[in-house]
Amino acid sequence: MERTLTILKPDCVRKQLIGAVIDKIERAGFRVVAMKKTRLTQETAGEFYAVHRERPFYGELVEFMSSGPCVPMILEKENAVADFRTLIGATDPAQADEGTVRKLYADSKGENIVHGSDSAENAAVEAGFFFSAEEVVRVD
């Protein structure tokens, strides 16, 4: 079983779409093995997105991700990383396929409802950023 990390971003929480997005995730065959609601500080958001520090959108991303509560989750499924990225769609909702999370719910490239890990290796690192081993519940 592969795992991936997702974050339901502040726009998702603000628009009261947590349940709708989790429903799509579970209907797609993913199991939620860890989940919490938290609020990132600018410092914490900056650490999480440090890989983008030199990108022009970094400051806006950090500001947005610290603007309200978010819901990080670890999801489990065969081929979890690729399947989840397919489920959520392109970063820009205008480019996302019909029926994807971002096409359905996102307003813009910057406020696009959800983060999804881009590799199994990054998923493991990102999951460790939010969750201790004790917080991950094995689903059999």
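Using N, Cα and C of the backbone, Cβ positions are placed for all residues, glycine too.
Some features that Swiss-Prot has for this protein:
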type	residues	note
ACT_SITE	H115	active site, pros-phosphohistidine intermediate
BINDING	K9, F57, R85, T91, R102, N112	ATP binding site
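When other Cβ atoms within 10 Å of the Cβ of N112 (ATP binding site) are tallied across all protein chains shown, the result is 23. K9 (ATP binding site) and H115 (active site, pros-phosphohistidine intermediate) are 7 Å apart (CA-CA, integer value). Proximity of K9 (ATP binding site) to non-local residues of its own chain (separation of 6 or more, Cβ distance below 8 Å) is seen for F64, M65, C70, E111, N112, I113, V114, H115, given in sequence order. In this structure, the recorded positions under consideration are R85, R102, H115, and the one with the smallest number of other Cβ atoms within 10 Å of its Cβ is R85. Here the binding-site residues are F57, T91, and the one ringed by the most other CB atoms within 10 angstroms is T91.
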